[in-house]
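K.L.:
Just dropping this structure here.
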Amino acid sequence: MATASARWNHVWVGTETGILKGVNLQRKHAANFTPSGQPRREEAVNALCWGTGGETQILVGCADRTVRYFNAEEGTFLSQRYCPGGEGTFRGLAQADGTLITCVDSGILRVWCENDKEASSDPLLELKVGPGVCRMRQDPTHTHVVATCGKENALKVWDLQGSEEPVFRAKNVRNDWLDLRVPIWDQDTQFLPGSQKLVTCTGYHQVRVYDPVSPQRRPVLEATYGEYPLTAMTLTPEGNSVIVGNTHGQLAEIDFRQGRLLGCLKGLAGSVRGLQCHPSKPLLASCGLDRVLRIHRIRNPRGLEHKVYLKSQLNCLLLSGRDNWEDEPQEPQEPNQVPSEDTETDELWASLEAAAKRKLPDLDQTQGALQRRKKKKRPGSTSP
């Protein structure tokens with residue numbers, strides 16, 4: 001593993017093959033990190049979050065229901081704990097006041113004592129937030145407050161230090177013009193800075209803003225984009241707009257104050273799985289099923305800044321918030337130990353290229369054969 005330069009990685013990406021990848025954009029270099037040295041699809045990375053000590057530690061949520069603690073400074077896995085309860089994969093991870101917060105597909109949200117990492121330990125708190133959860137998101141200002149949303153599971157806000165009932169429960173929009181119920185499918189949510197408002201994106205290509213302070217529990221603003229389900233969302237550095245991505249790789253910036261489209265970003269070729277903006281720079285990191293990590297500039301001029309192919313399907317990402325991207329010391333690169341699955345992929349492509357070369361005829365030999373055939377023909381003969 002490349003551990004000496006791990007602290008200078010700009011983006012951390014979780015893959016479907018269970019690999020945590022650290023990407024240095026200045027060097028166009030990606031390092032692979034696995035606790036056992038071999039990738040396993042049973043340990044696919046579904047959720048990532050920073051530890052409470054800044055950006056020195058990463059919490060890695062895997063499909064086998066283990067949460068691994070990764071030292072981002074040294075590039076090593078420190079420990080892990082098993083978090084049972086409910087069914088499905090992690091839909092959100094968070095840390096708050098010495099506790100670990102997990103939430104899974106089936107709607108079981110649990111709070112664990114972080115100091116006790118034994119598998120047999122019981123959770124400090126368990127909440128049933130409803131089935132079909134798509135996302136659990138922590139309030140960055142009040143770390144003990146989280147929001148959950150999902151399919152046929154309306155947006156809810158929970159105070160983990162209060163009662164076991166949500167402090168806010170969103171209400172579905174009114175029936176459509178045929179007086180039919182509108183289905184619920186909230187894919188992602190974000191807390192808006194400087195207020196109690198929340199914004200969600202839906203599987204029916206809508207962006208909605210909710211205000212828990214308002215007397216109504218329905219959205220106070222709604223906008224639509226495209227025709228395909230929205231799968232991921234992130235706030236821009238100014239906090240006045242969001243960037244959403246859909247299942248066809250389309251990215252768009254929407255002003256949630258007026259509900260209008262500000263612009264689009266191009267380049268993706270598959271469903272978007274992860275989006276995150278830099279807190280101070282006009283940069284957006286995106287990843288998805290096309291196995292490519294992209295960094296876009298979201299302010300004039302808009303465009304693609306970096307593009308790194310990472311070989312595996314990408315599920316989630318973390319973008320470093322530091323500002324000194326260009327001022328890093330140039331450390332010697334260590335040889336990267338590529339897991340066996342990536343090595344097999346390279347060998348497969350190499351064999352395909354070799355087979356293609358064997359099938360192509362030699363141009364010189366073909367021309368020589370044609371000339372010999374012409375010389376052997378008798379005078380006055382005509383070609384068929």
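Cβ coordinates are placed from backbone N, Cα and C, and glycine is handled just like the others.
These came from Swiss-Prot, pasted as-is:
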type    : residues : note
REPEAT  : 83-122   : repeat 'WD 2'
REPEAT  : 128-168  : repeat 'WD 3'
REPEAT  : 179-220  : repeat 'WD 4'
MOD_RES : Ser214   : phosphoserine
REPEAT  : 267-306  : repeat 'WD 6'
MOD_RES : Lys311   : N6-methyllysine
REGION  : 320-384  : region 'Required for nucleolar and nuclear location'
REGION  : 323-384  : region 'Disordered'
K.L.:
Quick one: pull the CA-CA distance for Ser214 (phosphoserine) versus Lys311 (N6-methyllysine), whole Å only.
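P.N.:
Ser214 (phosphoserine) and Lys311 (N6-methyllysine) have their Cα atoms 47 Å apart.
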K.L.:
Out of Ser214, Lys311, which of these modified residues shows the lowest number of other CB atoms within 10 Å of its CB?
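P.N.:
So among Ser214, Lys311, the modified residues given, the one with the fewest Cβ atoms within 10 Å is Ser214.
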K.L.:
I'd like to know the mean pLDDT over the repeat 'WD 6' (267-306).
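P.N.:
Mean pLDDT across the repeat 'WD 6' (267-306) comes out at 92.
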K.L.:
Report, as numbers and ranges, every residue of the chain located at least six residues beyond the repeat 'WD 4' (179-220) whose Cβ falls under 8 Å of a Cβ in that stretch; write 'none' if there are none.
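P.N.:
Residues packing against the repeat 'WD 4' (179-220) from afar: 134-135, 137, 139-141, 147, 149-155, 157, 167-173, 226-235, 239, 242, 244, 246, 254, 256, 259.
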